[in-house]
C-alpha cells in the first residue's frame, strides 16, 4: 500500500513578484531564493547605500542654496559670457537620480525584510554607477566654481537641524523592523552582531544628538532682539529688473530699511548703476551696439547708455521665475526700464527717507575719469541733497579723502576686519556675505549682510524655547525606544517556531541557476493529483523537470 502526503497548492504572490522582478528581474517563482546574498551583491548594496546618502546631501545642498541661484547663474555668466539658468539641468538630474536611487533603496530594504536574496539587475547597476559618477562630478565642479557656497549647509542646519534630527530618528526607528527580523530569524553570526552593534551606536548617537544642536531659533521670545535692518540688494530683483528705478520702488513698497546698488562711471563722468563689467546680460546692447557688446560698460557715454533697454532681458530670461506672477501693468513697466543713474536712485532714497549702500567700481586705466571717479560720485551725492548720515560708503580706495569731504558718511568696509582695526579706520560696520560671519558675530556686531533680499521679515522662520525643545527631544527619544522594544518583542513572537523552509523557497540547482535565462524559462511544473478510493490513495510522482536534461525534484513523501 502506498500513502502520500497532501500536495502543496501555490498561491499567487503579486507583490513579491513585483518586488523581485523590478529589483533583480526575477519574475518567476523558481528564480527566487532565500539563501544569503553573495558577497558581490552585498558590495552592490553598499554602493547603492553610498549613492543614496551622497544624493541626499547633494539634494539638501541645492535646497538650502535656492536663495542663491541667481548668484550661481552670475558665476556661470562671468565664465561663459552667456546668461543661462544653470540650475535647471542640475535640479532636474538631481531629482531624477535621487528618485531612482531612493526607489531602488526601498526595494533593497524590502528584500531584506522578507528574507529574499539580493540580486540587483545589471541595468540597475549601470544606473546606480551613472548616478554616483554624475553626482561626484557635480560636487567637484561646484567646489571649483562656487566653493564658498558649501558654507550654506552649516548655516541652514542651524534652522533645520532640530527637524532633521526628528526625521533621522523616525527613519532609524523604522529600520528596527529589519534589524529585529535579521537578528531573530537567523543564527547570530559575527557579522550580524557587528551590524546590530553599529545600529545601536547610531541609535544612541541620535538620542544624544540634541546636546550638540545649537540653533538661533531656540530661544525665549522675550529675549528676541529687534528685527534686523533689511537692505534691498539691487532693489527688489525678484520683482523687477535689477538696478532700475522700478526695482528700487518695489523694494520701498516692501518696507526695506535701505537700498543697495552697484555704481560705475560713464565715459562722460555720469555715475550709473550696473553690476556686470559689460552690458550684455541686462541690456539690449547686442542689438543696439553689436560691435561694442563686449566693451566695458564704463566706456559708453550717458546718451548711449540711456538709449538701451534694461528690462526686456528680465521678461525673457525670468531669472527668478516670477514673471508669470506679475500683473500686466508691472509687465509693461518692466519692459520699458532704462539704465538707471545714481542720481535717480538717490531721488528715490530721499523721497522714501531710506539709507543707501553701494559698491563702486573703478573704470579701466584708459578711461578719461580713471583718476576722478570718486569725485564724480561725491558730486552726485551733493547734488541730490541726501543727508550724509543716510549714505554708507563702502569703497576702501580714497577713504581718507571721502572722510574729509563728507564727514557725515557712515564708513563701512567690504573686508572682514577685527573690531580694533575697524575702529582705527573709523568704520561703523562691515558689508559682508552672510557666509563670512557666524551667528555669534552677526548677533554682536553691527555689520550688514550683502545678500539680503528686499522682503518683510517681522519674525524668525520658527522660534521655540529651550524648555519646549527639551520636552520634544525627551518625548521623541522615549517614544522611539518604546517602539523599538515593541518591534523586537513582536518579531520574536511572530518568528518563534517558524521554520526557515517555505514552499516559495523551491529553486533550481546551482547548475540550473547558472544556465541561460532561455533554458531556465523552459522549466515547467507538473502536479499530478492523487485519487482516493475506499480509504486508499494512489499518485504519481511530483516532479520538476526540463527537456534539456537538468536535474529534477521528485516527491520523496512516498512511504513504501
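In case you wondered, yes, glycine gets a Cβ from its N, Cα and C as well.
TrEMBL annotations: computationally assigned, not manually curated.
Annotated by TrEMBL as transmembrane segment, the relevant range among 90-114, 215-239, 240-264 is 90-114.
Segment annotation: TrEMBL labels transmembrane segment over residues 126-146 (candidates 21-41, 126-146). Feature transmembrane segment, per TrEMBL, maps to range 471-490 of the set 451-470, 471-490, 491-510.
Averaged across the domain 'GP-PDE' (228-494), the predicted model reaches a pLDDT of 87.
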